[in-house]
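I have placed the structure first, in the form of structure tokens, so that the comments after it can refer back to it.
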């Protein structure tokens, strides 16, 4: 009888133990899945990927264009030597919220000023996912961040953080699905929309007074996404916003290219519809910001102007390679040769709008030609759940003068004719856009600092010389 009781007790204990293990495994699996969702919403893969774009997830090496110079995203796999495998959760939280990693300060190209707003639970889930589900990559990125002096002094970020890293963590990351509270959390936290869509002040921090009013990123323009019906997205329907986030194409409004195409490919298309709807709902509540010079939405440039008779078909090879040795700077000729095959002679695009119309298009009808020029320079590369968009890059096929010419033709005929593009503009955009005042002023600030230091040294030398002379006279 005693043996039977013992056997039943052992069986009961093993059953309870097994149930406990299964419950723990289920809890860990759920936590990992939540962490995976947080990583997607945070767009981690867009930066922490190999330069080729397809390779070992989170291995780093991708170069981020910044006004201060190129910044290389590090390895964030659980590699103990090259990644974050030896980080404690407290160290991970410090990097995500304070911009301070075990090896020193991070640059805000890593949007820790936004991630600071993430909830404790989301950060914990993200840490568990990266440590337990991501495969370690035991190699460092081939390139490393090497900014010019004085921006290479990472400790300087400590002072910057005191002024500009002040977000408060949300305590309700899982607010009502599709609600504006959930949308605000995603926009201001994981999705870090303001990192691109909010302009920067003199010290390269986001200008809160222009929240989501439009910013510039590596030559591209991240447009106004406030609720303004003219300059922002107030005239877009919720369905258009959700569709744009999911596949990067809101027909008759805009197509995603550059950094936004990367966000669609690596983040938004993988997010649940409820979260995309929440983002759309919240953006419709963001206080409107209107560009004083803009009187109508970009998509209201809906009618193409007439083309010159006799220039509609040159019988020229229209492939990009055929333009390598071309010398023409006739915008219409260049358009017919390089663009019309897809966008059509009348700029209407294809019937299904896979190749979009150049009228009713934010890239051609907005208040800046940046995205039009950059699309010609770098092409458009965007992968969605249903298809892949590939527009060839013409930076190696067309000269700067030709890129300016075809851009001006498109603007004059299909978009905002008040804009124009010069060859110098093309060069500037290729180099990352207008140089910020902080960078322009740095040589003068350094010179001023050097002069001031020399002046102080001279004063000190004079002081000690006169003091020494006085002591000599007193003891004479």
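Including glycine, each Cβ sits where the backbone N, Cα and C put it.
Positions annotated as signal peptide by TrEMBL: 1-23.
Annotation comment: TrEMBL describes 30-134 (among others) as domain 'Cytochrome c'. Residue counts for the domain 'Cytochrome c' (30-134) under DSSP (helix as H, G, I; strand as E, B; rest coil) come to 43 helix, 8 strand, 54 coil.
For residue 44 (heme c 1 binding site), the same-chain residues 6+ apart in sequence whose C-beta sits under 8 angstroms from its C-beta are 58, 76. Feature annotation from TrEMBL assigns heme c 1 binding site to 44, 47, 48.
Broken down with DSSP, the domain 'Cytochrome c' (178-287) shows 49 helix, 12 strand, 49 coil. Feature annotation from TrEMBL assigns domain 'Cytochrome c' to 178-287 (among others).
Listed in sequence order, 187, 212, 225 are the same-chain residues six or more apart from residue 193 (heme c 2 binding site) with CB atoms under 8 A from its CB. The heme c 2 binding site annotation in TrEMBL covers 193, 196, 197.
When pLDDT values are averaged over the domain 'Cytochrome c' (326-414), the model yields 95. According to TrEMBL, the feature domain 'Cytochrome c' maps to 326-414 (among others).
If you look up TrEMBL, you'll see 339, 342, 343 marked as heme c 3 binding site. The DSSP secondary structure for residue 339 (heme c 3 binding site) is coil. Its Cβ placed at the centre, residue 339 (heme c 3 binding site) has 21 other Cβ atoms within 10 Å.
Residues or ranges marked as transmembrane segment in TrEMBL: 444-465.
Distance between Cα atoms for residue 343 (heme c 3 binding site) and residue 197 (heme c 2 binding site): 28 Å, as a whole number.
Take the Cα of residue 197 (heme c 2 binding site) and measure to each of the binding-site residues 47, 48, 339, 342: the nearest one is 47. Close to residue 342 (heme c 3 binding site) in the fold, though at least 6 residues off in sequence, lie 349, 350, 355, 391, each with a CB less than 8 Å from its CB. Assigned with DSSP, the residues of the domain 'Cytochrome c' (326-414) fall into helix, strand and coil as follows: 40 helix, 8 strand, 41 coil. Here the CA atom of residue 47 (heme c 1 binding site) lies 31 Å from the CA atom of residue 339 (heme c 3 binding site).
Shown in sequence order, 62, 64, 73, 109, 110 are the residues of the chain, 6+ apart in sequence, with a C-beta less than 8 angstroms from the C-beta of residue 47 (heme c 1 binding site).
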